[in-house]
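K.L.:
Could you have a look at this structure, given as structure tokens, before my questions?
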Amino acid sequence: MFQFETTTACPDTKARTGKMTTAHGDVATPVFMPVGTLATVKSLSPEDLVACGAQIILGNTYHLYLRPGCDIIDAFSGVHAFMGWNRPLLTDSGGFQVFSLAKLSRITEEGAAFQSHLDGSSHLLTPESVIDIQNRLGSDIQMCLDQCIAFPAEKGAARDAANLTTRWAGRCRNRWQETGGPSRCGLFGIVQGGMFDDLRADSAGRLVDLDFSGYAVGGLSVGEPIETRLAVAEHTLSLLPPDRPRYIMGVGTPAELVELVALGADMFDCVMPTRNARNGKLFTSFGAINIRNACHAKETGPVDPACTCYTCTRFSRAYLRHLFMSRELLAYRLATLHNLFYYINLINDARAAVAAGRFAAFRKAFYAAQQATGPTGKEPCAGS
């Protein structure tokens, strides 16, 4: 069960709003999806995620297959009951994880052979097996197995990876259909092709011919300059059908997300808000700060006066810095709550602006605030 419809189009940009319908509820787009790789968003409960405004989260086929394993998840009839999450779930196929563990993996026509990073055991992910695994996980949106390549890459290598990704996508789609996928969930194809426009066009065209539920732009945020990333995303998004959701994988900063909304992207995921939170980097309406910096030691105000998250409505910067400097576990939870709330609601606000016909003004105000010196009109902290 998966449907998508567009509801509003921005007259000034390619931004749009829409609605995805899944077996576990509707998702308004554009949407930011917190990354819950191992059936958990680090330090947060499902109730925390709901409080942050999360409509849908992301799990990872590769990691969940290795630990805890499908046999354990089978006992709960899927990830939703296993982790206590009753809203939609998207699962990545594991292609990026195989790429990131390149020294432990080998790519063939059959699939991706790899050694477990946990115990060194040998495994093989094929297009068919990743669909079978995602069926057992109970995903609302499944992803095809793809081959991601590093930056920079020679054109021949990028072409080979994109062609293999397309062949794998066809096999994924066949397995998805054979196992009753269309009645349960959506399946997205992933456009590859490195940073080469013609390869991206060829990849997108052949995936569109296969007729997927939605399309993802993969192979970004692998070391390329931001300007290149946005240019490739813009070109690739322009090749995708308007009646299907468009998913930018693994990107990015708040400013990148605002620009990608303007380019017509509908879905985003990124570890940036959660990973940075654990290191003390917090995103705010006036820019990012490092809460560990000494200038926050006596600050009685919140991380962001404009934020209504649990952290900002209850605690001071001074207290949060104290938790980080003391290595208290609460620091990671409060910082993660704030960063995810900021990311999710940045996209929620962008969506509301598109729906109200004021996205251009929203975009301008976002950049004006990010360039400001801080909520009090002075630099919030040197080196932040």
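Heads up, the Cβ atoms here are built off N, Cα and C, so glycines get one too.
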K.L.:
Since Swiss-Prot lists Asp92, Ser93, Gly94, Gly95, Phe96, Asp146, Gln192 for substrate, which candidate among Gly69, Gly120, Gly219 does it give for that site as well?
P.N.:
Gly219
K.L.:
Identify the region 'RNA binding' range according to Swiss-Prot, selecting from 19-25, 103-109, 250-256, 299-305.
P.N.:
250-256
K.L.:
Out of His123, His235, His338, which one does Swiss-Prot list together with Cys307, Cys309, Cys312 for Zn(2+)?
P.N.:
His338
K.L.:
Can you identify, from 124-128, 134-138, 274-278, the stretch that Swiss-Prot calls region 'RNA binding'?
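P.N.:
My reading of Swiss-Prot: the region 'RNA binding' range is 274-278.
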K.L.:
Specify all same-chain residues, apart from the site residues Cys307, Cys309, Cys312, His338, whose Cβ lies within 8 angstroms of the center of the Cβ atoms of the Zn(2+) site, ordered by sequence.
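P.N.:
So the additional residues around the site are Pro302, Val303, Asp304, Thr308, Tyr310, Thr311, Thr313, Leu337, Phe341, Tyr342.
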K.L.:
Taking the residues Asp92, Ser93, Gly94, Gly95, Phe96, Asp146, Gln192, Gly219, which the record names as binding substrate, find the longest CA to CA distance and state it in Å to the nearest whole number.
P.N.:
15
K.L.:
Do any residues, 6 or more residues outside the region 'RNA binding' (250-256), come within under 8 Å Cβ-to-Cβ of it, and if so which ones?
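P.N.:
Same-chain contacts beyond the flanks: 96, 220-221, 226, 229-230, 233, 268-272, 283, 342-343, 346, 366-367, 370.
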K.L.:
Just to verify: the residue among Asp92, Asp146, Asp269 with the fewest other Cβ atoms within 10 Å, which of the recorded positions is it?
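P.N.:
Minimum Cβ neighbour count within 10 Å, taken over the recorded positions Asp92, Asp146, Asp269, occurs at Asp269.
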